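K.L.:
Before I ask anything, let me first share the structure, which is written out below as structure tokens.
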Amino acid sequence: MRENVVIRTVTRLAVPFILVFGLYIILHGSSRAGGGFQGGVIVASAFILIGIAFGLDETQRRIREKVRTIASILGISIFIGIGLLCILFGANFLGYAAIPLPLDTPWVRGLMMEAVEIGIGITVMAVMTSIFYDVATKEEGE
Amino acid sequence: MIEDLVVAFLTRYNYYMAVIIMLIGLYAMIAKSNLIKKVIGLNIFQTAIYLFYISIADVEGGTAPILVPGTDVVYVNPLPHVLILTAIVVGVSITAVAYALAIRIYQSYGTIEEDELLELGSERR
Amino acid sequence: MISEHLPILAVILPLVGALTVLLAGWAERRYCYPVAVAVLTIQFGLSLAILREVLRGGTIHYYLGDWAPPWGIELVVDHLSAYVLVILVFLSLLSCIYAKRSIGGEIDPQKTVAFYVMFLLLVVGVCGITVTGDIFNLYVFLEISSIAAYTLVASGREKKGLLAGFNYLIMGTISACFILIGIGHLYVVTGTLNMADLARLLPPLYDSTIIHVAFIFFIVGLSIKTALFPLHTWLPDAYSHAPSAISVLISTVISKMGIYATIRILFSVFTVGFIVDHLPILEFFAWVAAIAVIAGSVIAIAQTDLKRMLAYSSVSQMGYIMLGIGIANSVAMTGGVLHILNHALIKGCLFMVAGAIIYRVGLRKIDDFKGLAGRMPYTCAAFFIAAISMIGLPPTVGFMSKWYLTLGAIEAGEWFFVVVILASTLLNAIYFWRVLEYAYFRHADAETPELESRVPVSMLLPMLVLAAGCVVFFFAVSIPLGIIDAAVADLLGGA
């Protein structure tokens, strides 16, 4: 890939802001218009931008496929784990209210929803990044 | 007659646009022979459905469905937004699978033009 | 404690299983298969437990997140869902067992892990569809299993599988989009997505044009998914070019899933009051199904490739089920719903046989099957039983479902449909007889090389289980009938 100072510098500057914005969206999943999917996509867009600016091979080495797969498994596990935790405490699946935290019910619900959103966010981020890299790179022995 | 149609179009233009976009997408899916263009048509088709759902969620004078404490506010219906978010997730996955398939097809046939693919398919038979 | 959470566990378990397979695949590719089989075995036990619960305590309602319907998402398992769930999970289990050896020659070894992960994700979608009571949820699960099916169809080494997968994807997505538009229209007029709530709110709105539009979108979308005759074009390619284990899976599980979704939408959302009394749509449905039955059989006769012949035969068998639904009296419905079980057993067995023949002797064309019975006796025996069941001769379960369908048609006074069923029986006999004749009564050409033709146990066992099932359920037909009667009463009683 040809050197392009402008793109690289802009990417360097923009990526931290994109990441923060993505996290902001993820963390506003329970009380505001945010959520795991939207935030995850934004975070993934940062990684895709890095891939475009710095070359796919370079980025592939930094964010390896294994890491992405582990991240996606981790995210779904958080979601399923919290759901099953609710069953364990006697409620239905994802019945957050039953989780015994020293807080009021709306707070518990909000907190647990955030946790689930974070899980979804991690998965979406990992999967979106994977889709881009897997489709964009030439497959070697796939 | 024509005036009625114009009025109907202007008052519900988003629904009409949804239908028009949908037909554009359907046309692309049927008439284009390039597989990537077919997938783009598919995306246009889905986008039309998103527009349709977002339109039905709208309430005149409504604001974003984030709780404003105390005051008497009209909110738009947030449920279709959530539904369409899910539909977008589905759409993204389908697009990804479709592109991956198109890439594989290109690797094994050397083309993604449908008529050439059909020719290649019938030769081999 | 577990028993009340069964419906959600039926969705969660294969999902966890898919993740476990992924992790196991990292440790060692060989571990994927036993893990997948173990997960599906547990899932089968779970589905039997659900069936037992339903038989004992009636319909199960499960509120996700403790939100009561119509606000929250509700999982509903009634007799029909439990019945379909058990069939589908059982067939998934058998085709997973079958997959071990059959994918060896058909899929690159590097893709084994991904193959089993997609397999289990497909089961997630299928189980989700059967347990859900929410119409949008139905769409999402339909798409989960469909996306998994697209990738699985294209997962083989065969080049044409890619094109088949792509066409299937385009058709499947159009159909899903139509279903989504239909859901949107229903939501506009009722403001709810819960099936039971919709059934309650719709009757006063039966004259609304929006409802009619929604209904048409649903019908077209679901007809593509179930491959009802004029909209079946994706099916033959997808069935015949997919890896054998996947042919088994999609011909049994995915097609039944479409049928189940159709029955749910028609009878649980729109209810009999709409589709029979208000719009005479079922009449139309029955005619289309009758055309499908005949046309599928006729095209099947013209095929020279065994898998393709079976694929067209599937088109005609889908027609039988739809015919049962379309005649819509309780006897014909019983026949149609019984045919879900019947077709799953038969088609699973036949596709397994086709896969085994390809795997062992590499033959696809029916003309090459000369003397095959001598070389693959058990495989051909399984084919023989399944073919008899498909034609509808006793003592096989195929006889029972055709019997009920015919009785139902007679009861409805639809003599034309009786003729259709009998004529298609003859057509079935023609194309299956051809295969049997080549396999049993023609002697192999002298120059045919003697190949090692023993079928591995992991492929033979599921085949024989299904073939045995065809015979067993003829004598034990009261077991499924007990469930089906309750299910049909539920469906028709909604009016």
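Every residue gets a Cβ built from N, Cα and C, even glycine.
Sharing the record's features from TrEMBL:
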TRANSMEM  C:6-24  transmembrane segment
TRANSMEM  C:31-51  transmembrane segment
TRANSMEM  C:80-100  transmembrane segment
DOMAIN    C:134-426  domain 'NADH:quinone oxidoreductase/Mrp antiporter transmembrane'
TRANSMEM  C:138-156  transmembrane segment
TRANSMEM  C:209-228  transmembrane segment
TRANSMEM  C:248-272  transmembrane segment
TRANSMEM  C:284-306  transmembrane segment
TRANSMEM  C:318-338  transmembrane segment
TRANSMEM  C:344-363  transmembrane segment
TRANSMEM  C:375-395  transmembrane segment
TRANSMEM  C:415-436  transmembrane segment
TRANSMEM  C:457-484  transmembrane segment
K.L.:
Would the transmembrane segment (C:209-228) count as touching the transmembrane segment (C:284-306), i.e. at least 3 C-beta pairs under 8 angstroms with sequence separation of 6+?
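P.N.:
The transmembrane segment (C:209-228) and the transmembrane segment (C:284-306): touching, yes.
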K.L.:
Give me the stretch from C:6-24, C:80-100, C:138-156, C:415-436, C:457-484 with the greatest number of Cβ pairs under 8 Å to the transmembrane segment (C:344-363).
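P.N.:
Looking only at C:6-24, C:80-100, C:138-156, C:415-436, C:457-484, the most contacts with the transmembrane segment (C:344-363) come from C:457-484.
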K.L.:
Top stretch among C:6-24, C:138-156, C:415-436, C:457-484 for CB pairs under 8 A with the transmembrane segment (C:80-100)?
P.N.:
C:457-484
K.L.:
Which bits of the chain, at least 6 residues beyond where the transmembrane segment (C:6-24) starts or stops, bring a Cβ under 8 A of a Cβ in it?
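P.N.:
31-32, 35-36, 39-40, 42-43, 46-47, 49-50, 53, 60, 62, 64, 75, 77, 85, 113, 116-117, 120-121, 123-124, 127-128, 130-131.
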